[in-house]
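Peer 1: First, the structure itself, so that you have it in front of you.
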Amino acid sequence: MAALLRSARWLLRAGAAPRLPLSLRLLPGGPGRLHAASYLPAARAGPVAGGLLSPARLYAIAAKEKDIQEESTFSSRKISNQFDWALMRLDLSVRRTGRIPKKLLQKVFNDTCRSGGLGGSHALLLLRSCGSLLPELKLEERTEFAHRIWDTLQKLGAVYDVSHYNALLKVYLQNEYKFSPTDFLAKMEEANIQPNRVTYQRLIASYCNVGDIEGASKILGFMKTKDLPVTEAVFSALVTGHARAGDMENAENILTVMRDAGIEPGPDTYLALLNAYAEKGDIDHVKQTLEKVEKSELHLMDRDLLQIIFSFSKAGYPQYVSEILEKVTCERRYIPDAMNLILLLVTEKLEDVALQILLACPVSKEDGPSVFGSFFLQHCVTMNTPVEKLTDYCKKLKEVQMHSFPLQFTLHCALLANKTDLAKALMKAVKEEGFPIRPHYFWPLLVGRRKEKNVQGIIEILKGMQELGVHPDQETYTDYVIPCFDSVNSARAILQENGCLSDSDMFSQAGLRSEAANGNLDFVLSFLKSNTLPISLQSIRSSLLLGFRRSMNINLWSEITELLYKDGRYCQEPRGPTEAVGYFLYNLIDSMSDSEVQAKEEHLRQYFHQLEKMNVKIPENIYRGIRNLLESYHVPELIKDAHLLVESKNLDFQKTVQLTSSELESTLETLKAENQPIRDVLKQLILVLCSEENMQKALELKAKYESDMVTGGYAALINLCCRHDKVEDALNLKEEFDRLDSSAVLDTGKYVGLVRVLAKHGKLQDAINILKEMKEKDVLIKDTTALSFFHMLNGAALRGEIETVKQLHEAIVTLGLAEPSTNISFPLVTVHLEKGDLSTALEVAIDCYEKYKVLPRIHDVLCKLVEKGETDLIQKAMDFVSQEQGEMVMLYDLFFAFLQTGNYKEAKKIIETPGIRARSARLQWFCDRCVANNQVETLEKLVELTQKLFECDRDQMYYNLLKLYKINGDWQRADAVWNKIQEENVIPREKTLRLLAEILREGNQEVPFDVPELWYEDEKHSLNSSSASTTEPDFQKDILIACRLNQKKGAYDIFLNAKEQNIVFNAETYSNLIKLLMSEDYFTQAMEVKAFAETHIKGFTLNDAANSRLIITQVRRDYLKEAVTTLKTVLDQQQTPSRLAVTRVIQALAMKGDVENIEVVQKMLNGLEDSIGLSKMVFINNIALAQIKNNNIDAAIENIENMLTSENKVIEPQYFGLAYLFRKVIEEQLEPAVEKISIMAERLANQFAIYKPVTDFFLQLVDAGKVDDARALLQRCGAIAEQTPILLLFLLRNSRKQGKASTVKSVLELIPELNEKEEAYNSLMKSYVSEKDVTSAKALYEHLTAKNTKLDDLFLKRYASLLKYAGEPVPFIEPPESFEFYAQQLRKLRENSS
């Protein structure tokens, strides 16, 4: 063995290098390439151990089979989405807990199988999940699961390659599964799958796990003949092999052999040696080795120490566990690792050791109720731990305050697992502690017996309830007991006979609900007549509705309804029998489908007529609801029959007289000649000239008719002059604007344009004065405003204007015109970095944090400091960051700075700091920088150093590395990544596999895996490439890098240089550059590039995304005419614009009052609305808004009314949403329009029973803070309160928004009956929790509990999280699962009930 290893010394050194020589990498079976056999279509091979599958079924596959099984585009897309979803679910579980629950893996497996088509990634994902990620399963169960997955996916068409075999090997190793490595190799060769380095490494490990050194030597010999490098993983396996063969001396000597071969033993090798000592119970050698490691530069993580603990425990030496636990540093990643070890120990029946580790976990016990031990207790229940042990564990967990209610939780687990005997024993223990036992505790036990109709089992559980002093409630009887018997009477008799009927009245009411739901209306009528107890119609309504639908006896329908209407026992609500029965009829019809109503039309007609003869009446507003339902069900003939029940049949109301308005004259000259007002027409003409960029003519027109100019015309002219860089003209126009109306306000974009041009021309004080005016006049600040300020400041910074940057920034922030964000504070540091003044740059960055809590450009400052060796300043920066933002942030800042500057040794020390964990956003940020700057070595080091970083997404890291290799055309390095992915057992996403395959193909290399098919055609292939008159790769590469770095000016300068030298890039480069430049500051340059590309590349066009961005930019710059033209061009090219782009155009036209162009856009998009995802209401709302803007309010209202009341409706009334129109009218303070809209909405409600508009208007009033107006509207139109679905949807949407608790509360105060709705008080609690309003949340909870309202788990979970956040005790047992779990549970419950 030693000779084999030493002879491979030169190869080991080669393997340790970042890149092997090309000659070595092309050797057959080398680390980078596979044998020619592996290039054949991969066989659908089965597991190779133990003859799991027959050879015929394992290896039969033909190349043409792939053609037969080709999938459609839609199917491929579905499979891709399916894999992404599965990966996301499993990845999330691993990141959060370090493990995968069996149920989740089973669900992903089942869903994947149901999808019908499978790629290699699906199989790889599922196989790799069957090892150590399943600590809750026994080892043999894990392997069995893996084999089942292999068999099933093979039948479904999965194609296996070497990565799948390697994954199966990994599972075998993790599960200690015994198999024949030689048979495994033979099966692979039969399947035309060539083993690679990873395969051989894992086969060696399999021999070593059973102490077979001879077998390992054979595999090592194979590796030598194939010139494969022997890595540390092989040496670590050999340590284990010698130890398990009883040869500890040679196990220790492996470390010496490693050093002789040029490899220094790493943490993995020492861990193998430590585990070997632990398996022998040799605590002394373990301690000595740990001390040796501590003195070296190596670092063993807590998870490594936990593995040593497991080795001691499993080998029968639990007495040494405490000594190893003392050495645990409790890194942040420790908890999930410890939890997984605890689960594994319980699985191995080592519960006492598991408890010892659990009690040693560093869990805070001062943050309110704790449930940390829940996972341990639940798994103990699953593994059938004796009840005596369980109660003892619960007692210990409670004593140390690690779990606030361990017994109750364990009981909960036993009930869910249907472990009856354990549950009963635990209930007794819970009761002995003084806690009440509720009826619903027994439901999980009853449900199984109900399914089996096990009467004796039901009786035993009911007796058990009596023993514990628990009486069944109505739900228990209705849902679980009565369904087991032939009838309610037989159930009563048998229960009485067995002494299980403790509350006869409770059972009677439950029996009524049960028989009603089953359609036994004879029983219901008889019961209601003879009953002496008051029963609320509300309590039996849902059961009665089911019964009515299941019985066709109209006489019974009528008699029961009459009894409910006339008997005071059943209609005790304040609203009286008329309204109660009215709502019952409405709910009856609403609960039916349209086909059911049509089938029962005659029965319903008879029902209505019989009720009319019985003098049963319903309110008018409820009749209207019924009428709308009947219309939507296409049975209008029933409306007249339902109308018979209305209390007052006078449904005619006086129509409100509509007002009229004058029409505008056609031309300015005609108006002037007739000596009539011309202001409106003059303004419109100014606006048109501005849109055409005709500045000279617009200014001439202004001078000619100056006395008739209005503020809107001046505003447009100011903006035009700013665009043309005419600073003096803009200032003069602004002065005239102020003289005309000192209170007038420009819109935000025009103010920003004016500030920008003033700052650019050095008029700093004028610019600051404009900023002050923006504040004084309370100008609306948009999202784009802060970005515009940044560009203005950054331009000054690059020019080195320190005082300009400082004063403008201070003015903007002090006046509150922009948040002092990191982005807007960048120029403050940039101006000093440009001058090389690092000390001042750091001081300014620190000053920004002290003032604004942002730290701009700290990475760039640190890199400069590291490069200059400014240790004092580095220490100062790090001390500050650590103190203010925490040690984790400081470590990442320093890590990235060291990486960026090539100080990899220091970077390694940082990333190995105990407790550090992956911050995905920060890692991705640095990866993007490396890719954009083409920093290959830096990114490679990042990927290498983060290999063992907790929660690091290794696939994403390798994907970033491959992106860089793709740019550089480096297939050799990309090929090495494929081996590393397998070595690390990483599950590659489809995008990673596609990218790797693309790189290999571009290098004329074979692809050694099945490539997932694309469901779409990549945009870049649709761009027409052009052969340049002169090719200059450096220019093109530079411009692409500048684009990735978001360096607009730099990219544009490269374009100009290339243009001067007559260099033409390909179409894709120009598209990227145009998209980059398409911002407010560089729009002109973007159009210049576009024009150049169009004249130099035949057929050049922007793609859908770029054109959509162009449209949005044109709208933002108020180039509406150009935006409409661009939209037309996009559609002519058969492209699909984004919904956002189209919506922005329409909304901007509406704000200008441009009805004509909105209609033009509508015609252009005719038939394309669905593909864009554009609602017809976008046009309806904005055309109406445009008409209102033109003071043509009556026309807007008339159009809306016609659409809602005509027979041929464009949109059904219930979907006719006018909320946008109402909101804009209210925001713009268009009072005449608000008044007329209110009249229209009320008229539609009162005359036509169309309540959607008035309800939308009511809600918009509330949302705008006009609560008194909303209250008055509600008093005039009470039907608003009955539009429950609309109201609840509004509450739900607002509960998701920050700062909307007052809005939600206002709606509930105005409509108190909504408070009874579960969705309503859930929304209110959600709002309180988001705003951390503990006092209001407490009041809500106390109010609901006082009314005995049944609160769902999601409500309680939210409330509990708020109390814990505030450091207050939780007055109930907090639901143990996640928010997502309870939200999904509630969603399913509602879907089932509907």
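Including glycine, each Cβ sits where the backbone N, Cα and C put it.
On a predicted model such as this, the values are computed, not experimentally measured, just so you know.
Per Swiss-Prot, repeat 'PPR 1' is recorded for 126-160. Summarising the annotation, Swiss-Prot assigns N6-acetyllysine to LYS155, LYS187, LYS226, LYS463, LYS613, LYS726, LYS750 (among others). Taken from Swiss-Prot, the feature repeat 'PPR 5' applies to 266-300. What Swiss-Prot lists as repeat 'PPR 10' is 710-746. Residues or ranges marked as phosphoserine in Swiss-Prot: SER1026, SER1027, SER1029, SER1138. Feature annotation from Swiss-Prot assigns repeat 'PPR 16' to 1066-1102. Residues annotated as phosphothreonine in Swiss-Prot, with a large-scale study or a structure entry given as evidence: THR1136.
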Peer 1: Whose Cβ, among the modified residues LYS226, LYS463, LYS613, LYS726, LYS750, has more other Cβ atoms within 10 Å than any of the rest?
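Peer 2: Answer by Cβ density within 10 Å: LYS750.
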Peer 1: Based on Cβ atoms within 10 Å, give me the single least packed residue among the modified residues THR1136, SER1138.
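Peer 2: If we count Cβ atoms within 10 Å for the modified residues THR1136, SER1138, the smallest count is at THR1136.
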Peer 1: In the three-state scheme derived from DSSP, which category covers the residue listed as 'phosphothreonine'?
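Peer 2: Once the DSSP labels are grouped into three classes, the residue listed as 'phosphothreonine' ends up as coil.
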Peer 1: DSSP-wise, what's the residue breakdown of the repeat 'PPR 5' (266-300) into helix, strand and coil?
Peer 2: 26 helix, 0 strand, 9 coil
Peer 1: I need the least crowded one of these modified residues (LYS155, LYS187), counting other C-beta atoms within 10 angstroms of each C-beta.
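Peer 2: If we count Cβ atoms within 10 Å for the modified residues LYS155, LYS187, the smallest count is at LYS155.
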Peer 1: How big is the gap, in Å, between the Cα of LYS613 (N6-acetyllysine) and that of the residue listed as 'phosphothreonine', rounded to a whole number?
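Peer 2: The Cα atom of LYS613 (N6-acetyllysine) is 61 Å away from the Cα atom of the residue listed as 'phosphothreonine'.
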Peer 1: Provide the three-state secondary structure of LYS155 (N6-acetyllysine) computed with DSSP.
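Peer 2: Looking at the DSSP assignment, LYS155 (N6-acetyllysine) belongs to a helix.
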Peer 1: With DSSP assignments reduced to helix, strand and coil, which class does LYS226 (N6-acetyllysine) get?
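Peer 2: The residue in question, LYS226 (N6-acetyllysine), is coil (DSSP, three-state).
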Peer 1: I'd like to confirm something. Which of the modified residues, LYS155, LYS187, LYS750, has a Cα closest to the Cα of the residue listed as 'phosphothreonine'?
Peer 2: LYS750
Peer 1: Looking only at the repeat 'PPR 10' (710-746), what are its DSSP counts of helix, strand and coil residues?
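Peer 2: Summed over the repeat 'PPR 10' (710-746), the classes give 27 helix, 0 strand, 10 coil.
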Peer 1: Please identify, among the modified residues LYS155, LYS187, LYS726, SER1138, the one with the smallest Cα-Cα distance to LYS226 (N6-acetyllysine).
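Peer 2: Closest recorded candidate to LYS226 (N6-acetyllysine) by Cα: LYS187.
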Peer 1: Looking only at C-alpha atoms, tell me how far LYS463 (N6-acetyllysine) is from LYS155 (N6-acetyllysine), rounded to the nearest Å.
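Peer 2: Pair distance, Cα basis, whole Å: 51 Å.
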Peer 1: Which of the modified residues listed here (LYS155, LYS187, LYS750, SER1138) have a Cα atom within 10 Å of the Cα of LYS726 (N6-acetyllysine)?
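Peer 2: For LYS726 (N6-acetyllysine), the modified residues whose Cα atoms are within 10 Å come to none.
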Peer 1: Between LYS155 (N6-acetyllysine) and LYS187 (N6-acetyllysine), what is the CA-CA distance rounded to a whole number of Å?
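Peer 2: LYS155 (N6-acetyllysine) to LYS187 (N6-acetyllysine), Cα-Cα distance: 18 Å.
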Peer 1: Helix, strand, coil: count each for the residues of the repeat 'PPR 16' (1066-1102), based on DSSP.
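Peer 2: Helix/strand/coil tally for the repeat 'PPR 16' (1066-1102): 25 helix, 0 strand, 12 coil.
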Peer 1: Could you state the whole-number distance in Å separating the C-alpha atoms of LYS750 (N6-acetyllysine) and LYS187 (N6-acetyllysine)?
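Peer 2: Each residue's Cα considered, LYS750 (N6-acetyllysine) and LYS187 (N6-acetyllysine) end up 74 Å apart.
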Peer 1: Looking at the repeat 'PPR 1' (126-160) alone, can you tell me the average pLDDT?
Peer 2: 90
Peer 1: LYS187 (N6-acetyllysine) to SER1138 (phosphoserine): how many Å between their Cα atoms?
Peer 2: 52
Peer 1: How do the residues of the repeat 'PPR 1' (126-160) split into helix, strand and coil according to DSSP?
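Peer 2: Output for the repeat 'PPR 1' (126-160) reads 20 helix, 0 strand, 15 coil.
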